[in-house]
Amino acid sequence: MKWLLLLGLVALSECIIYKVPLVRKKSLRRNLSEHGLLKDFLKKHNLNPASKYFPQAEAPTLIDEQPLENYLDVEYFGTIGIGTPAQDFTVIFDTGSSNLWVPSVYCSSLACTNHNLFNPQDSSTYQSTSGTLSITYGTGSMTGILGYDTVQVGGISDTNQIFGLSETEPGSFLYYAPFDGILGLAYPSISSSGATPVFDNIWDQGLVSQDLFSVYLSADDQSGSVVIFGGIDSSYYTGSLNWVPVSVEGYWQISVDSITMNGEAIACAEGCQAIVDTGTSLLTGPTSPIANIQSDIGASENSDGEMVVSCSAISSLPDIVFTINGIQYPVPPSAYILQSQGSCTSGFQGMDVPTESGELWILGDVFIRQYFTVFDRANNQVGLAPVA
């Protein structure tokens with residue numbers, strides 16, 4: 001059987017690729033809403049997506065300013081194993097951050113009681129360190145320690161991987177989070193405490209034959225989505241991949257030519273920057289143009305603070321077109337209007353960027369569901385093609 005599998009892999013390609021299935025679940029927002037907690041949560045937390053990318057305050061070297069509320073709408077999750085024998089965790093594969101962290105048995109917070117906890121004493125390969133980790137959000141921080149262990153990711157045994165073990169997770173809202181931790185896939189330059197990101201460690205050990213990974217997010221309610229390490233599977237897209245240079249090697253940041261609706265520029269008229277982020281669900285941009293888009297599509301705020309649209313209007317709404325490196329990438333209303341349990345909400349979100357970097361957009365899952373995306377570290381570029 002093993003020989004048959006090996007022959008099949010060789011016949012398929014000279015490159016062996018590893019696929020991590022992603023499962024689509026209810027987002028933290030939906031869980032809070034169903035428990036009657038969303039309105040109170042939104043009232044207490046002034047959500048600003050920009051804080052994930054541009055912390056407002058400088059922090060010590062060991063502090064990772066990564067607000068956890070930014071994962072409020074994420075719906076795609078995968079399973080990894082840490083330790084020997086492996087202890088399983090549900091994580092967000094996040095191209096908008098670079099650290100790996102999971103809850104640990106040292107955590108006494110309410111949020112940890114509803115999640116899988118890593119126990120170093122149950123792993124024969126765990127190595128402790130004196131390093132610490134603190135991820136800030138809202139009114140508190142997730143604090144923890146750093147350690148090394150073997151991480152199992154889609155059939156890859158990533159040995160000697162540094163990761164964070166949470167000790168406190170303030171904020172009872174995390175109790176309802178459908179994920180245990182975060183696996184960051186951005187560049188090492190934004191990694192907290194100089195920790196080597198998972199994909200960098202995998203590549204450095206020669207565990208994949210190509211220095212890239214790719215993502216397919218299915219619109220299906222549950223299955224089909226995947227992260228592919230070390231290769232590209234053309235069955236997930238149509239046509240050819242179009243390549244876009246990374247403009248800043250930190251996040252997966254690219255240049256956008258324009259953003260139009262009905263042939264008219266609605267934002268980014270003179271070009272702008274965008275971050276391709278699997279850890280953000282929505283299409284996020286500056287407050288002013290987003291407010292105009294919300295008005296144009298007839299979105300209004302409901303009692304929970306969500307921007308809702310009449311479901312019957314979807315068929316009459318226009319595409320939003322992102323022109324990137326000379327190629328047009330339309331996002332249809334069926335993609336940017338999110339339908340759930342008979343209600344329709346806008347897939348756009350405003351943010352205030354406290355930097356001098358100009359107009360910045362976040363191309364989250366609303367965009368990635370439309371376009372198979374390759375994150376090419378070898379050539380510092382992003383590949384995009386319409387999903388099959």
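From the backbone N, Cα and C atoms, a Cβ is placed for every residue, glycine too.
Worth saying up front: this structure is predicted, and the values here are computed from it rather than measured.
Features reported for this protein in Swiss-Prot:
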- Asp94: active site (ACT_SITE)
- Asp277: active site (ACT_SITE)
- Cys107-Cys112: disulfide bond (DISULFID)
- Cys268-Cys272: disulfide bond (DISULFID)
- Cys311-Cys344: disulfide bond (DISULFID)
- 76-385: domain 'Peptidase A1' (DOMAIN)
- Ser130: phosphoserine (MOD_RES)
- 1-15: signal peptide (SIGNAL)
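This view paints the features noted in Swiss-Prot onto the structure.
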residue : record         : Cβ contacts under 8 Å, 6 or more apart
Asp94   : active site    : Tyr71, Ile182, Leu183, Gly184, Leu185, Ala186, Asp277, Thr278, Gly279
Cys107  : disulfide bond : Leu117, Gly144, Ser166, Glu167, Thr168, Glu169
Cys112  : disulfide bond : Pro103, Ser104, Ser166, Glu169
Ser130  : phosphoserine  : none
Cys268  : disulfide bond : Val256, Asp257, Ser258, Ile259, Pro289, Glu359, Trp361
Cys272  : disulfide bond : Ser255, Val256, Ile259, Gly358, Glu359, Leu360, Trp361
Cys311  : disulfide bond : Ile337, Gln339, Gly342, Ser343, Cys344
Which of the three DSSP-derived classes (helix, strand, coil) applies to Ser130 (phosphoserine)?
strand
Mind checking which of Asp277, Cys344 has the fewest other CB atoms within 10 A of its CB? They're the recorded positions.
Cys344
Please classify the secondary structure at Asp94 (active site) using three-state DSSP.
strand
In three-state DSSP terms, Cys311 (disulfide bond) is classed as helix
